[in-house]
């Protein structure tokens with residue numbers, strides 16, 4: 001074991017979901033494939049289209065990357081567990097899953113606040129937008145988000161490794177997470193609980209506060225816009241973002257800030273599904289596909305693909321016709337001979 005940890009437990013059993021496992025496997029598999037396809041497609045569109053090389057889509061590309069990482073750190077093990085009789089995970093892999101998911105999840109939470117600030121700068125300070133959100137500033141904001149996410153994950157993991165696990169080893173969850181792991185510890189978890197609530201509370205409070213302040217300024221600014229079309233255009237970028245923020249932060253706050261007790265474990269699993277499986281799948285749609293630029297880029301890409309397929313089909317048909325014509329001429333030549 002790591003450090004001063006004197007655990008007797010070398011592996012955990014993830015209880016996960018015990019009902020409708022075959023149906024859940026199909027549903028979660030579809031969700032995961034959609035998550036990979038949607039977010040990878042979004043990254044490719046942003047990278048290959050020069051018109052999307054602006055701060056908003058720069059952040060969206062990293063958001064798609066984080067969604068892939070968050071989902072991939074949990075969903076494959078969830079799918080395997082739905083097919084296995086006993087979903088076993090080693091102690092070290094459990095800690096690694098906790099570390100990576102906490103890092104990616106925290107980074108995404110902070111990046112959502114950064115994206116809200118980007119919208120504030122674009123709508124409320126349009127003349128200074130290019131200087132305020134230059135490429136260097138955007139890179140610094142993204143790097144800072146990743147650094148803060150990694151630091152938060154290291155803090156949680158370090159405090160978890162100071163605990164002892166003497167048994168039982170049954171985790172009433174579908175992945176390794178702090179609250180259900182602390183329930184299994186035979187050590188005093190008071191300090192871990194305080195640190196977890198303090199860290200999560202700080203990240204959630206500061207991020208939500210930044211989002212609320214940004215969108216409050218946006219709403220106040222748009223009230224002074226006389227054109228209904230311009231006002232609707234500005235507000236249309238806010239509504240889907242706020243919906244996804246409410247879904248993400250609501251489920252996180254319910255899991256981490258809700259009083260820990262036995263009767264909340266099943267509710268915690270349900271809440272975790274939203275920000276580990278559902279939200280990463282929906283983000284490409286609610287953030288990007290509602291944008292006119294992305295829709296136009298996707299439409300042009302589909303048109304190029306269809307044109308290529310038509311050309312290939314025409315070329316194949318022409319090749320077959322030439323081969324048939326050549327074969328017929330050869331048979332006629334043989335018959336004349």
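The backbone N, Cα and C atoms fix where each Cβ goes, glycine too.
It should be emphasised that the depicted structure is a prediction, and the values quoted were computed from it without experimental measurement.
According to TrEMBL, the domain 'G-protein coupled receptors family 1 profile' annotation covers 38-287.
What TrEMBL records for 23-45 (among others) is transmembrane segment. For the transmembrane segment (23-45), the list of distant contacts is 17, 52, 60-61, 64-65, 67-68, 71-72, 75-76, 78-79, 82-83, 277-278, 280-281, 283-285, 288, 294, 297-298, 301: same-chain residues at least six beyond its ends, Cβ to Cβ under 8 Å.
Annotation source TrEMBL lists transmembrane segment at 57-75 (among others).
According to TrEMBL, the feature transmembrane segment maps to 95-117 (among others).
Taken from TrEMBL, the feature transmembrane segment applies to 129-155 (among others).
According to TrEMBL, the transmembrane segment annotation covers 190-221 (among others).
Among the features that TrEMBL reports, transmembrane segment is placed at 242-260 (among others).
The transmembrane segment annotation in TrEMBL covers 272-290 (among others).
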(request) Using a Cβ-Cβ cut-off of under 8 Å, list the residues of the same chain that are 6+ residues beyond the ends of the transmembrane segment (190-221) and lie near it. (result) 106, 109-110, 112-113, 116-117, 119-120, 123-124, 148, 152, 155-156, 159-160, 163, 178-179, 182, 234-235, 238, 242, 245, 249, 252-253, 256-257, 260
